Amino acid sequence: MTQKVVVGLSGGVDSSVAAALLHRQGYAVVGVTLWLMKGKGQCCSEGLVDAASICEQLGVPHEIVDTRDLFQNHIIDYLVQGYGEGVTPLPCSQCNKAVKFGPMLQYAQQSLGIDKIATGHYARIRFNEASQRYELLRAVDRQKDQSYFLYDLSQEILAATLFPLGEQTKTVTRQLAAEFDLSTAEKKDSQDLCLIEAHGSMRDFLDKYIAPKAGEIVDLSGAVLGHHEGIHHYTIGQRKGLGIAAAEPLYVVKLDPVMNRVIVGDRQSAGSGECYVQRLNWVSIPEPTAPIRCEVQVRYRSAPVTVNAIPWHDQQIKLVFDEPQFGITPGQAAVLYDGDRVLGGGIICPQKSETAGV
């Protein structure tokens with residue numbers, strides 16, 4: 001019996017090749033495109049057209065699933081609230097969990113009677129017989145690896161998901177797109193968040209939802225160096241665009257939403273030897289009850305660094321870095337790795353915890 005699979009199609013080259021590969025391997029493919037953003041002329045419109053074109057070319061059905069309310073509630077509202085509270089949220093991991101994979105699997109199972117889904121993400125999944133857990137791994141192409149954004153997927157979702165591109169490089173993907181003669185073969189990769197593509201910049205997007213609120217830019221002693229029009233325009237570690245003159249380079253060290261202040265200091269002041277992580281999801285291992293030695297990635301393009309991860313109170317972990325790290329940003333994800341294997345991850349806390357660990 002031919003196995004069926006729902007393939008998430010964004011209209012880009014990666015998801016197009018994922019669908020074409022599975023189709024060539026004998027799967028009965030159903031393309032599904034998520035309608036994410038409200039309003040006409042948004043970024044998703046072109047994607048819908050391109051996804052439909054790919055399905056027509058492959059001779060497979062194409063479905064459109066309306067997830068606009070989910071996207072509004074879980075992404076737009078989440079971003080606006082976070083930036084307003086002085087943190088820098090990571091929308092992509094949140095979107096993968098709450099808007100893309102979960103709803104797509106639910107639609108596949110309940111509306112189509114299909115138990116497998118696939119996407120064009122660069123990551124790998126394997127089943128560990130010893131632990132009886134599905135493990136999330138980095139992609140073969142480390143430059144395109146997207147496991148950082150997928151750490152929050154559940155065991156149920158990993159068990160049902162295929163990543164056809166995980167074992168190949170982006171160069172091979174482009175070659176396959178040409179070989180399949182796909183209509184998206186020459187389409188450029190997206191360089192920004194879909195929100196930025198739709199609104200021009202993150203600043204423009206946030207200004208649409210958050211009213212200007214003037215405040216002070218101060219140094220670590222509290223001396224006023226300048227003024228700002230809203231803390232949502234700033235992020236930890238930021239140097240450019242501060243609008244203040246100083247004898248030495250200054251960086252954003254802290255955002256204080258209570259006092260509506262941007263606190264700046266030298267580069268060393270923007271570094272930290274530890275941070276706390278909440279809203280944890282343990283992927284490839286059960287939740288640890290003792291400290292573990294591993295690597296952590298604290299932003300998408302940063303190199304992994306060695307840490308001690310210590311179980312803490314309130315279902316948090318404390319990360320102690322071997323060397324101080326610059327610009328640890330509350331709201332971003334801290335994803336733990338053992339080599340290529342994603343152990344788990346969570347969201348960096350805005351404040352340090354003071355209670356002793358386990």
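From the backbone N, Cα and C atoms, a Cβ is placed for every residue, glycine too.
Record check, Swiss-Prot: ATP site residues include G8, L9, S10, G11, G12, V13, D14, S15, L34, and the candidate from G113, G120, G166, G200 also listed there is G120. Among the listed recorded positions, namely L34, C95, C194, the Cβ with the most fellow Cβ atoms inside 10 Å is that of L34. Comparing Cα positions, D14 (ATP binding site) lies closest to H121 out of the recorded positions C95, H121, C194, Q332. For S10 (ATP binding site) paired with H121 (site 'Interaction with tRNA'), the C-alpha to C-alpha distance reads 11 Å.
Counted over all residue pairs in G8, L9, S10, G11, G12, V13, D14, S15, L34, G120, the record's binders of ATP, the longest Cα to Cα distance measures 16 angstrom. Taking CA atoms as the reference points, G12 (ATP binding site) and H121 (site 'Interaction with tRNA') are 11 Å apart.
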